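Asks: Take this structure, written in structure tokens, and hold onto it; I'll ask about it next.
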């Protein structure tokens, strides 16, 4: 999975050969790939190989036992003929029949034993090999350099681990076992045929060669197109996961239909490639089913000639022909298993390519120097940097600077100037294209990467915490040393680090203290709490170098003060490099470096640079807050603020930490809510019939195609009873005495001709089955994916607040669950229907010919069916457990990939892999018992058929001895019913498919049945029915836009014990700007969420021009609103796509787009790119800096020309210069619209018409900037804390 090149290659004239080589190896890995393992079996251990060898031998022996049937059958025919000729007495007939019937019993016992051992062994080793492959793949991913991830499709890793690995595991377990058994049956049958009479076997052998060649060539063609289809399905999975991860912005912009169309477009491309593969498979299956009829025709025709010449006996002709029959049906069974195996091979090839890629920045290798001491002196010497994924832009140009040991160095500058890139170079996330980065005089490229990162601690603007306890998260900072400490020592060290980070007090106040789970992404904690836990995590390793990248920019003033105090303490006695936009945080730095467009423009201390009145002084001036000189803060103003650090939710309940005493209560409430909304997908139990009915309803549009395919399936099933009539008739004919040989030859020619005709009809029937039903199945899978994706995208935010509805889990439903449901689609249903028609027709035929023997044989079929049904139930339970484990492991792997920079920075690769292996091993231990039971039932369903044969022959011989039945009657009953019994057993080879489909249908039905209370049911579906008459009143367009919160109270569904807003009443007049300020957790962003109708108030109303917003059409309402949030979302695609994303379906000229870019202060950057607006931004905007992404989001909002503008920390990621320009543009466009701002940086709100100070969801203060300063209250304290002096 080497990332593709996404941007144009740099002009060769700009780069020398060395620079091109540096970029190339970061994109494509080092030359001379590691020794690549050829297939999944290379991941088997010695014990696995022993078990696999024994299992393979048992599978071969099980397959080889089947052709012994013709031998026993030939002996019985000889006895029957002898009785008819008078050479065998009735008592002798009964005795020999009983003996030969016992042979069938012995055959059944042997087949059961061998099948059981083979099945258990393959399931056991297959699970272990797939587990090893999963682990190795994830290890290979975690080894890769950052450029690899910059171009990696969103959701691709999760899709590989969840869906593709499941296909591989299935291929090397049940499918491989079935295929080996079938191959052994075919080979043994071929040998038996040669032993019986080699000439006849030699005559028909070309047909076997044709069948093998057909499978080989057809399989290669199928793999090629199936591989392309899998690549496209992986791409579609990436689109889905990216959309679900950004669901709030998707909802706000109303782009559900746009993303659904993009998703569907890729699915259609995948379906085209898949259809080519399926058409070839259809031809192969039809040919394999038709070919045996030609073999019958030729075998009987040739056999009759040798019989009349006296070179063969009747027993040899019948035994040879029956052996050929068994061998041909074995080849038919090979095809579907080979298809699954080849699919697994194709997928494994892509996985092995990723595993074989050699990373130029591998954290797990032992190479590189490890100096015994570190001083911490960092020097960049004439460093140039070009990102491999954006090789047309110089990020750093000839930068030389020094970060002195044990000193605090700050780097400031405009957005995109290269500040964070310097930190990336120090961490060795990227390689410089020129110059060197030195640590204590050593080139860091010569140092061991893992050792280097252990000396460094990084604290980001948005710190990543993992879904674990606070204790575990802090210990992740020194994961390599934890094993050396006792539990008490671990806790002591964590407490010490927490005290240094100013985090111990709030952690101790929690009910579970350091053992409190922080939730996914740490969202159970506030922003300030997360930041302080991240600082503690950084300090526990006692790093020599501390990197702080906008560590306080996302915090309110009070949280910033507490975190800044912790950072100041952390910076003591170590080299510290700070990247910051808020200059108040770096005034005390020992050295300040100012960057502009990748170059150093100024250096010095804060006071020296201010005195120069240059670029730095201009930045300082822009961050001053007016009028504070008239209202000085008293001494200790910072300390006067209460330690209330709970953070407001970012459009969701997950980010707001509740009162600590209520945590357990809320967890129970969450579980209950999840159950009530139907999100507990495993709680719904669907039977196989319900699953089939569900699939039928989904396939209603294609009923004509389905009807055609299923009709052909019934006709195809009837060909086997017809074969039994032909077979029994010919066996009777070839028993004629020598005087009747001319008649024998004539009738054999006639029946052989009928076999040839049956070949053509069988081929046509099976082609109709496979082509029609595979087409319908593809349509089913595409429709399910589309409907589920649309359903997910229109759900209310409360749905996504439920922990089980993570992007990875929902993406899994769209990929693996859809595939599993399709596994019980057309071809499988057609196969089952074919087998049922064969069984029923066989029973009817046998009853018509010889009802006594037919009733006895038919009575045994339910036993076979019961064994298969029990196996299905066991597999259903087993698959449920495996599925849950797969979701858990895939979700964890997805979390690691999404947070790979944090994983790399902390050196967590080995720890993460160990935990991942633990998740997989835990499930493997649980599944062993189910494997043992399921294998026993499967072996029983495969071997009981020979007990049926024993009974049939014994009772048939008794009827012949008593002259009640002729040999023809016994032959036709035996062939039709024993074949029917075998086919009844074959139905349950589809048990794994049915089991997976049953579980998948539960998940998919839950998704489809979800009914959002706010959003429309589906973008293209009918609008939801409204209750009452009030909601049916005419819609009004947003015009004057007077916004009023009328006594609004609200509690997040996922946080039912605490009110986010409490009786809030605020009015914003048309055209006014309202600023919402306050501490984290005060309810500011909740107001934005309610205005966007992500949620509806519990009490009160929100009015627009006097009308409740709940009475408006939600899509029309949101079109007149633009949201710019701190959490900037950039979608994969071009800059143009991202700016126009909120105007889906509307014609927008480039001039309009460029004007919006100019307003957002990003025009110069866009025009500097070779591809301009057509430049690809990478996954999640990975090609852009944080400020550039924010300005694109602002340009997007400007272009929508909204009537209501919502700004939630819209400029928090911008440098002072960009912020001033963008703020000026915002001030200009606010004149014609109502604006509601949420801000921590108070310099951005001082010109607002109304400023509301919120606390604990209530309105604390209201007024203008000057009025609130005059009150010397809460707002005055906040302003005083942010002023620069």
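Just so you know, glycine gets a Cβ as well, placed from its N, Cα and C.
Here's the feature list from Swiss-Prot:
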{"type": "DOMAIN", "residues": "54-343", "note": "domain 'ABC transmembrane type-1 1'"}
{"type": "TRANSMEM", "residues": "57-77", "note": "transmembrane segment"}
{"type": "TRANSMEM", "residues": "102-122", "note": "transmembrane segment"}
{"type": "TRANSMEM", "residues": "176-196", "note": "transmembrane segment"}
{"type": "TRANSMEM", "residues": "203-223", "note": "transmembrane segment"}
{"type": "TRANSMEM", "residues": "281-301", "note": "transmembrane segment"}
{"type": "TRANSMEM", "residues": "312-332", "note": "transmembrane segment"}
{"type": "DOMAIN", "residues": "380-622", "note": "domain 'ABC transporter 1'"}
{"type": "CARBOHYD", "residues": "467", "note": "N-linked glycosylation site"}
{"type": "TRANSMEM", "residues": "707-727", "note": "transmembrane segment"}
{"type": "DOMAIN", "residues": "713-996", "note": "domain 'ABC transmembrane type-1 2'"}
{"type": "TRANSMEM", "residues": "753-773", "note": "transmembrane segment"}
{"type": "TRANSMEM", "residues": "831-851", "note": "transmembrane segment"}
{"type": "TRANSMEM", "residues": "855-875", "note": "transmembrane segment"}
{"type": "TRANSMEM", "residues": "931-951", "note": "transmembrane segment"}
{"type": "TRANSMEM", "residues": "968-988", "note": "transmembrane segment"}
{"type": "CARBOHYD", "residues": "1037", "note": "N-linked glycosylation site"}
{"type": "DOMAIN", "residues": "1043-1281", "note": "domain 'ABC transporter 2'"}
{"type": "CARBOHYD", "residues": "1138", "note": "N-linked glycosylation site"}
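Help me picture these features in the structure, burial and contacts included.
Replies: Residues 96-97, 100, 103-104, 107, 110-111, 113-115, 117-118, 121-122, 177, 180-189, 191-192, 196, 314-316, 318-320, 322-323, 326-327, 330, 731, 942, 946, 949, 953, 957 of the same chain lie 6+ residues outside the transmembrane segment (57-77) yet bring a C-beta within less than 8 angstroms of a C-beta in it.
Listed as Cβ neighbours of the transmembrane segment (102-122) (distance under 8 Å, sequence separation of 6 or more from its ends, same chain) are residues 51-52, 54-56, 58-59, 61-62, 65-66, 68-69, 72, 172-174, 176-177, 180-181, 931-932, 934-936, 938-940, 942-947, 949-950, 953.
Here the transmembrane segment (176-196) has Cβ contacts under 8 Å with residues 55-56, 59-68, 70-71, 74, 115, 118-119, 122, 126, 202, 204-205, 208, 316, 319-320, 323-324, 326-327, 330-331, 333-334, 337-338, 341, 989 of the same chain, all six or more residues outside its ends.
Note on the transmembrane segment (281-301): residues 200, 203-204, 207, 210-211, 214-215, 218-219, 222, 317, 320-321, 324-325, 328-329, 331-332, 335-336, 339, 716, 719, 723, 726-727, 730, 734, 748-749, 751-753, 755-756, 758-760, 762-767, 769-771, 774 of its chain, located 6 or more positions outside it, place their CB under 8 angstroms from a CB of the stretch.
Under 8 Å from some Cβ of the transmembrane segment (312-332) lie the Cβ atoms of residues 63, 66-67, 69-71, 73-75, 77-78, 81, 182-183, 185-186, 188-190, 192-193, 196-197, 200-201, 204, 208, 211-212, 215, 285, 288-289, 291-292, 295-296, 299-300, 303-304, 306, 727, 731, 734-735, all in the same chain and six or more residues away from its ends.
Neighbour list (residue 467 (N-linked glycosylation site), Cβ cut-off 8 Å, at least 6 residues apart, same chain): 517, 518, 519, 520, 521, 895.
Residues 289, 292-293, 296, 321, 325, 751, 754-755, 758, 761-762, 764-766, 768-769, 771-773, 776, 826, 829-831, 833-838, 841-842, 845, 971-972, 975-976, 979, 983 of the same chain lie 6+ residues outside the transmembrane segment (707-727) yet bring a C-beta within less than 8 angstroms of a C-beta in it.
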Asks: Could you tell me what the rest of the chain brings near the transmembrane segment (753-773), counting residues at least six beyond its ends with Cβ under 8 Å?
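Replies: Cβ under 8 Å, 6 or more out: 278-279, 281-283, 285-287, 289-291, 293-294, 296-297, 300, 705-706, 708-713, 715-716, 719, 722-723, 726, 825-827, 829-830, 834.
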Asks: The domain 'ABC transporter 1' (380-622): mean pLDDT?
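Replies: PLDDT averaged over the stretch: 86.
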Asks: If I restrict to non-local contacts, at least six residues apart, and a C-beta distance under 8 angstroms, what lies near residue 1138 (N-linked glycosylation site) in its own chain?
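Replies: Long-range Cβ contacts: 1130, 1131, 1177, 1181, 1192, 1196.
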Asks: Let me know the DSSP-derived helix, strand or coil state of residue 1138 (N-linked glycosylation site), please.
Replies: helix
Asks: Where does residue 467 (N-linked glycosylation site) sit in the DSSP three-state scheme?
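Replies: Its secondary structure by DSSP: coil.
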